[in-house]
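Annotated in TrEMBL:
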| type | residues | note |
| --- | --- | --- |
| DOMAIN | A:4-244 | domain 'Endonuclease/exonuclease/phosphatase' |
| BINDING | A:ASN7, A:GLU34, A:ASP145, A:ASN147, A:ASP243, A:HIS244 | Mg(2+) binding site |
| ACT_SITE | A:TYR104 | active site |
| SITE | A:ASN147 | site 'Transition state stabilizer' |
| SITE | A:ASP214 | site 'Important for catalytic activity' |
| ACT_SITE | A:HIS244 | active site, proton acceptor |
| SITE | A:HIS244 | site 'Interaction with DNA substrate' |
Amino acid sequence: MKIATWNVNSLKVRLPHVLDWLAANRPDVLCLQELKLEDKSFPSAEIEAAGYHAAFSGQKTYNGVAILSRSALAGIGHGIPGFDDEQKRVLAATVNGVRVICGYFPNGQAVGSEKFAYKLRWLAALTEWLREELKAHQRLVLTGDFNIAPEDRDAHPDWKDEIHVSPAERAAFAALTGLGLADAYRLFPQDDKSFSWWDYRMGAFRRNFGLRIDHILLSPALRDVCCACTIDKAPRKLERPSDHAPVIAELEL
DNA sequence: ATGGCGCAGTGGCTGCGA
């Protein structure tokens with residue numbers, strides 16, 4: 001099973017890239033973030049024509065998540081149970097016995113801001129929910145745009161902002177891995193300065209001034225069968241790219 | 001020089017992302 005995540009920064013604008021990428025890579029599951037469109041505008045026909053089922057949770061202008069799958073999606077769940085939130089950031093579904101949770105984690109804007117407090121509240125709620133989900137689902141994937149670079153090696157050395165690399169955010173990430181979830185990318189040797197996001201400005205991609213903030217976390221049963229995890233930088237080189245690159249994990253299932 | 005780029009909304013600009 002090949003499972004991927006990609007923050008597309010507007011599905012409307014990026015649909016051609018997504019369709020091309022699905023055709024070229026044929027993942028079993030693709031989790032999308034930052035759809036920036038309402039459910040009524042979701043491109044269901046195009047996704048279906050590409051051979052994929054879809055579950056989605058969108059809103060106007062901001063946020064929005066989707067799970068695309070070659071097999072049928074079951075047990076679709078919206079949001080974090082018990083956490084009231086108008087922002088569409090979480091979608092869960094079961095595919096061939098694997099519980100897939102797609103998340104667009106809050107940005108946080110600046111350490112100490114109102115949005116930062118919301119980010120930490122959101123992360124705490126997610127973690128408590130995942131604790132229960134892991135009891136119910138032996139095979140579980142938590143994936144998406146985490147907006148956290150878990151270690152120093154996951155951020156360009158010149159990254160000056162505290163957001164995405166602050167101790168509080170990294171502690172929240174560690175709380176998730178503390179539940180037994182493994183960062184699939186770090187199960188394998190990787191190049192130095194491996195990132196999944198690059199600012200549109202300042203020639204950041206050309207200079208590889210980036211962050212690794214898009215992740216695939218695996219429950220113990222899936223970690224044991226994970227045979228590869230890579231970042232595909234090719235779509236970031238296209239005309240009008242998303243600022244994020246897809247991350248792909250391969251599971252021997 | 002605190003911007004730069006890109007997207008959405010109902011705009012000639014602002015808010016936001018990371």
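One-based numbering along the chain as shown.
The backbone N, Cα and C atoms fix where each Cβ goes, glycine too.
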Fill in the blank from the handout: Cα-Cα, A:ASN147 (Mg(2+) binding site) versus the residue listed as 'active site', nearest Å, comes out at 8
Fill in the blank from the handout: Cβ contacts within 10 Å for A:TYR104 (active site), all chains included, total 25
Completion exercise
Least crowded of the binding-site residues A:ASN7, A:ASN147, counting other Cβ atoms within 10 Å of each Cβ, is A:ASN147
Exercise for the section: Specify the nearest of the recorded positions A:GLU34, A:TYR104, A:ASP145, A:ASP243, A:HIS244 to A:ASP214 (site 'Important for catalytic activity'), where nearness means the distance between Cα atoms. Expected result: A:ASP145
Handout entry: Pairwise CA distance, A:HIS244 (Mg(2+) binding site) versus A:TYR104 (active site), rounded so that it is a whole Å
Key = 12
Completion exercise
A:GLU34 (Mg(2+) binding site) -> DSSP, reduced to three states, gives coil
Exercise for the section: Drop a 10 Å sphere on every Cβ of the recorded positions A:GLU34, A:ASP145, A:ASP214, A:ASP243 and tell me which sphere holds the fewest other Cβ atoms. Expected result: A:ASP243
Exercise for the section: For A:ASN7 (Mg(2+) binding site) and A:TYR104 (active site), determine the Cα separation and express it in whole Å. Expected result: 8
Problem - Integer mean pLDDT for the domain 'Endonuclease/exonuclease/phosphatase' (A:4-244) - result: 96
Exercise for the section: Starting from the Cβ centroid of A:ASN7, A:GLU34, A:ASP145, A:ASN147, A:ASP243, A:HIS244, the recorded Mg(2+) site, name every other residue in that chain with its Cβ within 8 Å, sequence order please. Expected result: A:ASN9, A:GLN33, A:TYR104, A:TRP197, A:ILE213, A:ASP214, A:SER242
Problem - Neighbour count (Cβ, 10 Å) for A:HIS244 (Mg(2+) binding site) - result: 25
